[in-house]
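Residues or ranges marked as Zn(2+) binding site by TrEMBL: B:37, B:39, B:90, B:93.
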């Protein structure tokens, strides 16, 4: 069965059990936002206990505080009233397995999916690729705890972010499902 | 109870029921990715039938094909093997209620949350604000079906996106939970 049909079948089931969710308001009822990674193993609604209507969820590769994540966070508080934010990276993140140089080289070699060998990602496709990847900052991660602190710091320091908003930093452990808080004081010793 | 404690309590519950999810692989098992809005009413795992490990989920304000969303999608296929992508905007999106000019003015006026009146968002806070918002493209939406088509088109046309990847466009209806497909042929007449 194709993914498209599977998704639409699952959606029909969801519609049949939709209940009174049409009544939900646009502003998040619990007034907070989560910025986390797109990783398939993470379900922020499940790991943080969210129901529909509760909180904004922003996700990208790495859960990084990119300009676009900050665009979303500023809209989240300025127009829709969120008052607390969580930055949640995770253990065993794909962003730890490459850097800008490697990604540029892989994309220059081909646009097909690379293989992950014990030497890291290696290209197995046939060209043509594109050198365009060399002009993108992929926002990779060398150390999870450090990247959480960097992103929390970048968000707090942003001109458009009021100092009244607490920004909590966490690492989600894909081996246990646990959220481990990361602060300047605790970042040394947190497993990545 | 503070949101932080609520989230951590919910997480403890999740950890206690984590089961065998530590076995999940990094690459999405069902080899697809969803780009959708951060809106609190949307739970893509529920509306599209995802379990942990199934699919990448990328979310930002509007579900827009920003440069950062494209960064994430390229990582998704090039390193982690996704083969089909969904762009899913939704009805009653906050991004339909303002534009770049208004957002710039609101942020210049103050950094406190605006009120939504029958005249649209109005500032009710006290300054100081910041003129920095005038330099950001907020990627607002005038028409949902048109924005879905624009974003699908932008992704398909990107130099780093192989033509073999199907990109499906949908609008999620917040009144029913239904996914409505949007194509060039159907975009006229789809409610936004």
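Using N, Cα and C of the backbone, Cβ positions are placed for all residues, glycine too.
Within the same chain, the residues at least 6 positions away from residue B:39 (Zn(2+) binding site) whose Cβ sits under 8 Å from its Cβ are B:90, B:93, B:94, B:174, listed in sequence order. Proximity to chain A, taken as a Cβ less than 8 Å from one of its Cβ atoms, holds for B:39 among the binding-site residues B:37, B:39, B:90. Counting Cβ atoms from all protein chains shown, residue B:37 (Zn(2+) binding site) has 26 others lying within 10 Å of its own Cβ. Of the chain residues outside the Zn(2+) site list B:37, B:39, B:90, B:93, B:36, B:38, B:41, B:42, B:62, B:63, B:89, B:91, B:92, B:94, B:95, B:172, B:174 have their Cβ within 8 Å of the site's Cβ mean position.
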